[in-house]
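In what follows, a structure is listed as structure tokens, so that the remarks can point back to it.
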Amino acid sequence: MALQSQASEEAKGPWQEADQEQQEPVGSPEPESEPEPEPEPEPVPVPPPEPQPEPQPLPDPAPLPELEFESERVHEPEPTPTVETRGTARGFQPPEGGFGWVVVFAATWCNGSIFGIHNSVGILYSMLLEEEKEKNRQVEFQAAWVGALAMGMIFFCSPIVSIFTDRLGCRITATAGAAVAFIGLHTSSFTSSLSLRYFTYGILFGCGCSFAFQPSLVILGHYFQRRLGLANGVVSAGSSIFSMSFPFLIRMLGDKIKLAQTFQVLSTFMFVLMLLSLTYRPLLPSSQDTPSKRGVRTLHQRFLAQLRKYFNMRVFRQRTYRIWAFGIAAAALGYFVPYVHLMKYVEEEFSEIKETWVLLVCIGATSGLGRLVSGHISDSIPGLKKIYLQVLSFLLLGLMSMMIPLCRDFGGLIVVCLFLGLCDGFFITIMAPIAFELVGPMQASQAIGYLLGMMALPMIAGPPIAGLLRNCFGDYHVAFYFAGVPPIIGAVILFFVPLMHQRMFKKEQRDSSKDKMLAPDPDPNGELLPGSPNPEEPI
């Protein structure tokens with residue numbers, strides 16, 4: 001029996017401890033000396049009688065090592081949890097319709113009403129000049145800040161809006177933004193002071209529009225994935241219809257009522273938007289709902305973690321992204337000038353034309369067409385060659401701005417405005433796909449937010465500079481020539497981005513090939529692995 005137990009000990013390994021305990025008490029004098037080994041006090045609390053082998057499995061110490069192995073197996077899968085989260089695209093399937101179409105209508109109202117008012121700022125600017133001309137004859141520079149501030153704040157607040165959207169959700173952020181925009185427009189009707197309208201219309205209305213606009217784009221991803229392109233197309237087409245109708249509406253209101261009552265009528269669109277924003281029922285959880293896996297103990301560490309998360313500057317390590325963002329920011333200096341000063345220029349140069357709002361309708365119509373067409377065209381262009389569409393858009397935008405003073409009839413201005421709207425649609429639509437190509441999908445949101453923030457300051461400064469040139473030279477000719485220069489400079493800068501990206505990609509390929517050549521054999525035994533290069537033939 002002792003020989004068999006030794007042989008089985010070599011064969012069975014750790015389970016032989018149980019066999020030894022079963023064989024020791026049978027016919028051997030060792031039970032008296034059994035309490036001497038200290039590591040195993042559990043199996044012999046009371047010495048059992050020799051002729052009874054049945055109760056021996058009860059004090060069997062074999063389950064102890066089995067429990068230890070099981071505990072290790074339980075802790076092994078913990079670092080990779082399999083709990084499915086709704087915040088990821090893999091664990092969530094959007095409904096692809098249903099209540100989502102109500103959300104699409106709300107997003108269409110949001111985009112159309114916000115940009116319909118902002119794109120018609122030229123009419124509001126001319127109405128504002130009529131009120132301020134009695135106080136100051138050279139008011140073009142001061143009055144241009146009102147519309148420029150409102151448009152610039154939409155872009156300037158974009159990085160901050162992304163933080164609020166992530167923490168509070170789309171519904172709360174959009175509703176609060178629409179409420180602020182309503183307050184800004186409504187309070188603008190109770191004051192005639194230009195400095196107060198800087199705050200009420202320029203800052204309050206502009207910031208409110210930014211907080212209401214960005215969640216309308218994010219919420220579509222909660223309800224659509226496979227049909228997201230269709231949903232975005234419906235929103236773009238609907239907002240274009242708004243952009244075409246708002247110039248006619250504002251001009252009609254300006255002819256019948258004063259500017260103050262016009263602000264009150266426009267504020268009703270923001271009130272309706274505030275109600276429609278309540279339909280932004282989120283289907284994906286915000287980051288506040290997802291528990292953090294890493295415990296942040298102190299308040300200081302938690303604050304630093306949030307700063308690293310939301311103000312991640314890693315996108316600026318990409319040289320191509322820095323050049324691309326700088327080129328677009330440079331082009332934005334003259335981008336918004338025609339929207340603000342075109343109506344006043346037509347009133348001065350073509351005083352016999354009464355339907356000046358037709359020019360803004362043309363810009364809105366071709367802008368919507370450009371957004372629809374550019375999406376399909378950009379899908380067929382691989383990689384960063386999409387930037388060449390932006391290069392072409394900025395070149396045409398700059399040339400068309402310079403051609404505005406050269407037009408001697410109203411029909412020529414209509415043709416110029418058609419091209420201006422088309423360039424606007426191409427430029428805006430392909431911005432997100434280019435950001436995905438430059439920094440990847442994980443950092444694309446931050447890249448777009450930083451880009452919009454960089455565009456804010458040039459867009460705010462452009463119209464007042466053009467108004468200052470109008471005051472200095474007495475007409476808008478030099479102002480529109482100035483507006484055409486920055487887009488052309490931006491186009492030249494953007495032209496080199498794909499070339500530099502291709503050069504950097506080839507350099508990385510050469511470096512990686514050198515690393516592979518200098519890398520040691522991955523097989524420690526020196527055997528030839530499948531797919532490895534053929535070794536040299538033996539001599």
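Using the three backbone atoms N, Cα and C, a Cβ is placed for every residue, glycine included.
Under the heading N-acetylalanine, Swiss-Prot lists Ala2, citing a large-scale study or a structure entry as support.
The annotation compositional bias 'Acidic residues' is assigned in Swiss-Prot to 31-41.
The compositional bias 'Pro residues' annotation in Swiss-Prot covers 42-64.
Summarising the annotation, Swiss-Prot assigns transmembrane segment to 97-117 (among others).
Residue counts for the topological domain 'Extracellular' (118-143) under DSSP (helix as H, G, I; strand as E, B; rest coil) come to 18 helix, 0 strand, 8 coil. Here Swiss-Prot flags 118-143 (among others) as topological domain 'Extracellular', drawing on a curator's inference.
Residues annotated as transmembrane segment in Swiss-Prot: 144-164 (among others). Long-range contacts of the transmembrane segment (144-164) within its own chain (CB-CB distance under 8 A, at least 6 residues past either end) are made by residues 114, 118, 121-122, 124-125, 128, 173, 177, 194, 197-198, 201-203, 205-207, 209-211, 213-215, 310-311, 336, 339-341, 445-446, 448-450, 452-453, 455-457, 459-464, 466-467.
Per Swiss-Prot, transmembrane segment is recorded for 172-192 (among others), and the stated evidence type is sequence analysis.
Cβ atoms under 8 Å from those of the topological domain 'Extracellular' (193-200) belong to residues 128, 132, 139, 142-143, 145-146, 149, 184-185, 187 of the same chain, restricted to positions at least 6 beyond its ends. Feature annotation from Swiss-Prot assigns topological domain 'Extracellular' to 193-200 (among others).
Within its own chain, the transmembrane segment (201-221) has Cβ neighbours under 8 Å at 94, 100, 103-104, 106-107, 110-111, 114, 118, 145-158, 161-162, 164-165, 170-171, 173-174, 176-185, 187-188, 228, 231-232, 235, 263, 270, 273, 277, 280, 282, 284, counting only residues six or more beyond its boundaries. Annotation source Swiss-Prot lists transmembrane segment at 201-221 (among others).
Within the same chain, residues 100, 104-105, 107-109, 111-113, 115-117, 119-120, 123-124, 216, 220, 223-224, 262, 266, 357-358, 360-361, 363-365, 367-369, 371-372, 375, 429 sit at least 6 positions outside the transmembrane segment (230-250) and bring their C-beta atoms closer than 8 Å to a C-beta of that stretch. The transmembrane segment annotation in Swiss-Prot covers 230-250 (among others).
When the topological domain 'Extracellular' (251-258) is classified with DSSP, helix, strand and coil residues number 6 helix, 0 strand, 2 coil. What Swiss-Prot records for 251-258 (among others) is topological domain 'Extracellular'.
According to Swiss-Prot, the feature transmembrane segment maps to 259-279 (among others). For the transmembrane segment (259-279), the residues of the chain that approach it from at least six positions outside its boundaries are 99, 102-103, 105-106, 109-110, 113-114, 117, 124, 127-128, 131, 171, 174-175, 177-179, 181-182, 185-186, 188-190, 192, 201, 208, 212, 215, 250, 253, judged by C-beta separation under 8 angstroms.
Counting same-chain residues at least six beyond the ends of the transmembrane segment (323-343), those with a Cβ under 8 angstroms from any Cβ of the stretch are 118-119, 121-123, 125-126, 144, 147-148, 151, 356-357, 359-360, 363, 387, 390, 394, 397-398, 401, 404, 417, 420, 431, 434, 438, 447, 450-451, 454-455, 457-459, 461-463, 465-467, 470, 476, 479-480, 482-487, 489-491, 493-494, 496-497, 500. As annotated by Swiss-Prot, transmembrane segment applies to 323-343 (among others), with the evidence given as sequence analysis.
Marked as topological domain 'Extracellular' by Swiss-Prot: 344-356 (among others). Taking H, G and I as helix, E and B as strand and the rest as coil, DSSP gives the topological domain 'Extracellular' (344-356) the counts 6 helix, 0 strand, 7 coil.
Taken from Swiss-Prot, the feature transmembrane segment covers 357-377 (among others), and the record attributes it to sequence analysis. Long-range contacts of the transmembrane segment (357-377) within the same chain: residues 116, 119-120, 122-123, 229, 232-233, 236-237, 239-244, 246-248, 250-251, 339, 342-343, 346, 389, 413-414, 417-426, 428-430, each at least 6 residues beyond the stretch ends and with a Cβ under 8 Å from a Cβ of the stretch.
Away from its own ends, the transmembrane segment (387-407) comes close to residues 324, 328, 331, 334-335, 337-338, 342, 345, 374, 377-378, 381, 413, 416, 419-420, 422-424, 426-427, 430-431, 434, 476-477, 480-481, 483-488, 490-491, 494-495, 497-498 of its chain (Cβ-Cβ under 8 Å, at least six residues beyond either end). If you look up Swiss-Prot, you'll see 387-407 (among others) marked as transmembrane segment, on the strength of sequence analysis.
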Composition by DSSP (helix, strand, coil) of residues within the topological domain 'Extracellular' (193-200): 7 helix, 0 strand, 1 coil
Remote residues contacting the topological domain 'Extracellular' (118-143) - C-beta distance under 8 A, at least 6 residues beyond either end: 150-151, 154, 192, 194, 197, 209, 243, 246-247, 250-251, 254, 259, 262, 339-344, 347, 356-357, 360, 363-364, 464, 467-468, 470-471
Secondary structure tally of the topological domain 'Extracellular' (469-477) (DSSP, helix then strand then coil): 6 helix, 0 strand, 3 coil
